[in-house]
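First the structure, in the form of C-alpha cells, and then the observations on it.
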C-alpha cells in the first residue's frame, strides 16, 4: 500500500520521469571517470570506452539516466544515434590538451547544430584542473568559442574528477536549469 | 499480467509469424521510450528473435537501427531483460554494422554483472569483438575461465573457440588458466537439490577446457605429449567427454608420428580394457585406425573389447561396435573371426541397422570354406528385412563375387533364387541384376549358366527396366556362347509377348545374333524373324527391325561397316559426350549446318570400360577402409583443413575427369596448341612434404613428340606473394637425349592460391627412366594484409626452393587395362625380364608399397591383389596395362617379402615389346 501511495505521489510531482543526460567529449577527457564519480562517489580505474556506459542515478530526488559515450574518433560518428530525448549534454574537455582544443570546439558546435539537441542544456567541464599547465575555465571557454552560442542555457565549470572538485557544483546548475525547462 | 490479458496479448500472432515491419516499428518506438518497460521489451525482443530464427532478415540499415535501439536497453538493470538483449545482439551481429558500440556495456556486465547474465554476456562479447578490441577483453576472459561457477567458465571457454579465428594470440595468453580449469573440479551451484545428473554434468567445463587446449596445441608435438602426460595419470578427468577428448588427442599425436606408439601402448591397453564404454570405444577406433603400427596383443584386446560390447544392452554401443568391426573386416577379416558367434546372434537383433552390419561383417570374414553356410543363413534372413537393407546385403554379395571368383556357383544360385522369389521392389531386384552382371563380367566361367538363369527369369519379370538391361546383356554375350540358338528363342519370346519398350530392346538384341561367328545357320533365321517383326504396330520396334535388316544385308558385301553398327566395339566417354553435345547445342554457330564432331570425344573399348569400372569399384572399397584416416586429418585443425580436403579431392576425384581437366587446361595454353592431343597423363605426384610452405604436385603429360611436366604449386603462406615463379628442371647429367624446349612461368601467386607452371621437353625415343631435379625460382613479396597487394616500392627478393625429383619412367607410357584371364595372358606374352629389388631401411608397410607400385607403373591391379592382408609378410601383386603408343600388352607379377632387414621384391615383367620390358622391370622407382 505504502508503495502505491508513494508512486502516486511521484507521478503527481513528476519525479518518475527520467532525465536523459549525455556525457560527450574527446577521448581521454575524463567522461567515464566523471560518470562513476557521480554514481559511486569515488574514482574507478577506467579503460578507453569502446561504445558507451550507461548508469541510472538519483540526484536530488531526480532520476537521471546518464550516458557516457566513447570519445575515440571511430566512435564519435555514433553519438548521434543517442541524441533523441536528451535533456542535457555534459561536454568534458581536457584542459591540459591545448593542441586539440580546436577539434573539441568543432565537435561541440557540430553536435549542437543537431535538431534533436535544440532544447538540451549544455554544461562544459574544464576538467583536469589538478594537472599543472591546465587552462582556466575562461580560457577554455574562449578556445571553445562558447560565447557564440545562441538560444541555449550553458555554463562552464572548472573541475577535477580525480579530486572531486567542481562536479557537484556543475551538476547542481544543470539540474536547476533542466528542472525549469522540462518539468 | 492476468491470464486474461496474457491471452489477448498472444492471440494476435498465435498462428504464423509476427509481421516484420510491425515488429521493427514497435521495437524502435518501445526501446526509445524513457523509462523503458522491461516486460514489453522482452516480449518484443522475443518476437524479433522468432522472426530471425525463422530465417527472416533485415537490410543492414534497418538492422543497424534495431541494434542501436536495443543498445539503449542497457540502461535497465533487469536481468531477464538483459538476457534477451544479449540473445538479440548475438543474432543482430551477423547482419548489423557498427556492433562494436555495445562492447563497453557488455564488458561491464562480464566484469560486474550478476552470475545469471554473465554467461550470456560472455557469449555476446565474442560476437562484437574484432582483432583490434579483442586484447582488451583478455583479462575478462582470464577471470571468467577460472570462475567458480561452471556455467560462466564453460561460456568463456566455448566462446574462446569463436575467438580463435579473430584473435588467436589473445586466447593463447590464457592457456595457463585453461590448464587450471581442467584440474579444478567445479561443483555446480545446484548441489543442494542435486541429482546424479547435475553432479555429473558439472564437470563439463573440464571437457571444454581440454578441448580448447587441444585445439591450441595441435601441431605442437611436444606440447601435446605434455598434455597427455599431465592429464592421463591419476583421476583428474572426471568428465567422460574430457576423457574421450584425451583419447582423440593421443590419436592425433600418433597420426602425426607413429614412432611414438610403443610409448603409448600401456596407456592404450589401460584405456581399452577398463573405464567407461565410451572411452573404450574411442580407444578401439584409435587402435583400428592405426592398426598396421599396433602391436598384435593390443589389437587383440581391442577385438575382445569390441566383442564384449556386442552383447551390451545399450543399442548405440552395440551399433558402434558392430560398425567398427565391419570396417576392420575390410582390411583384416581374419582377425575378427572370433567375434562370429556374437555377430551371428546379432543377425536377429531388433535394430535392423545392427543386424545388417552384422551380416555384412560376417560375409566379409567368410572364407571360401564357410561361405556356403553363410549364404544359407542369409537366405533365411533376407526375407525379414526391408528393401533398403536387402540392397546393402546384395551389394556385399556383389563384392564377394570379386573376392572369391572360385565361389561363383554358390553366389550365383543365391542371387538367382532371391531374384526369382516373389517379394522385393525394383531397387532390390535391380541391385541383384547388377550383381549378376558383375559376376558375368569378371568371372567368365559363370557366364553361360548365369545367362541361362536370367533367360528363365525374364519369362516372368514385372520390371521393364530390368528386363531391358537383361536383354541387352543377352545380345552382347549370347552370340559368343556355345549354344546361341537357346538365347535367340528366349529373346524372340519377348518380342511376341511383351510391351513395346521391351520389344524394341529385344529386336536390337536379336540383330546381334545375326553376326554370330560360331553358327552360320543363325543369320538367315534371324532375318526371317526380323522380317516378321517389320509389321509390328509400334514405330520404334518397326524402325529397329528395318535398320537391322538393312545392316545385315550390307554385311554380306561389307561386313566391317555392319559390324561397326550392330556390335560396336567401343563406347564414348558419356560425360565428355554430354558436355560436348550441350556445348554444340548452346553455341550453334551456323544453325546446325555443320555436323556434330564426335572425333574429340574419348572412345573406350569394352576392356577399357571394364578397367575403368573395376578401378572405380576398387577405389570405393579403398576409400571405405581409409575413411578413418581422412577423418583424422580434418580433426587436426582448421589451418590444415583446406590442404587435407584438397588432397582427398585429388585422390577421390575420378581419374578420367582429372585427366580431362588437365587436357582442358593445357588446350587453353597457346604454346601447346601445336602439340596435338595429350596421349597419356600421369597421376599427380607429391614433390614436397604436405606441411611445406609451398606444396607442389607434379603431373607428366605425354604428347606425340613432347613431354610436358606440369607443376601445381600451392602457396600456403599467409601474407607472402610470389612473382615470376619458374621451375628449373635439370636432367641427370648423362642423359643428353632429352632436350628442354621452353618453360611457362606463373606471373603471380597470391596466398592460398594454386597455379600451374609448365616445362616442355622433346619426347625421348627410349622409355628409360629420366630424373628431373627441380628447383623453384621466384621473387617473394611481402603483402599488405589489408589489401592483399604488395607494399608499394617493395621489389622483393630472389629466392629458390628445392623440391623432390620427378621421374619420367616406363610406367608413364602405360594405360591401365582390364583382362579377365590374367595367367593365360601372362603365359602368352613373348618377352620376359626379371629384376630383384632390395629395400633396406623401409618402414613402410607392404600395402604402402603396393599403392606406390600401382601409381608408378600406372597399371591396373587384378584379381584383388592390391589389398594386402595385415597379417602376412609376403604378397603377390598382379598388374596389367597397355603401352599407349603401340598397344603392346604389359603384365607384371611382383612378389614381395618383408623381413626385419627390409623388403625384397621380385619383379617379373612380360611384354610384347622387348626393350620396354627391360626398361620397366629394371628401372622401377620405389
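Each Cβ is built from the backbone N, Cα and C atoms, and glycine gets one as well.
TrEMBL labels come from automatic prediction, so no person has curated them.
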Further GTP ligand in TrEMBL, beside A:25, A:26, A:27, A:28, A:29, A:30, A:31, A:32, A:127, A:128, A:129, A:130, within candidate set A:71, A:170
A:71
Do the binding-site residues A:25, A:29, A:49, A:128 include any whose Cβ comes within less than 8 Å of a Cβ in chain B, and which?
A:49
Rounded Cα distance, in Å, between residue A:27 (GTP binding site) and residue A:49 (Mg(2+) binding site) is 8
Go through A:31, A:128, the listed binding-site residues, and name the one with the sparsest Cβ surroundings, counting other Cβ atoms within 10 Å.
A:128
Radius 10 Å, atoms counted are CB only; among the binding-site residues A:32, A:49, which position scores highest?
A:32
About how far apart, in whole Å, are the alpha carbons (Cα) of residue A:130 (GTP binding site) and residue A:32 (Mg(2+) binding site)?
17
Residue A:25 (GTP binding site) falls, by three-state DSSP, under coil
At the level of the C-alpha atoms, what whole-angstrom distance separates residue A:29 (GTP binding site) and residue A:49 (Mg(2+) binding site)?
11
Pop the Cα-Cα gap between residue A:32 (Mg(2+) binding site) and residue A:71 (GTP binding site) into the table, whole Å please.
10
Give me the Cα-Cα distance between residue A:31 (GTP binding site) and residue A:49 (Mg(2+) binding site), rounded to a whole Å.
9
Rounded to a whole number of Å, the separation of the Cα atoms of residue A:32 (Mg(2+) binding site) and residue A:25 (GTP binding site) comes to 10
Taking only same-chain residues 6+ apart in sequence, whose CB is under 8 Å from that of residue A:25 (GTP binding site), what do you get?
A:31, A:71, A:91, A:92, A:93, A:94, A:104
May I ask for the distance between residue A:128 (GTP binding site) and residue A:49 (Mg(2+) binding site), taken between their Cα atoms and rounded to an integer number of Å?
18
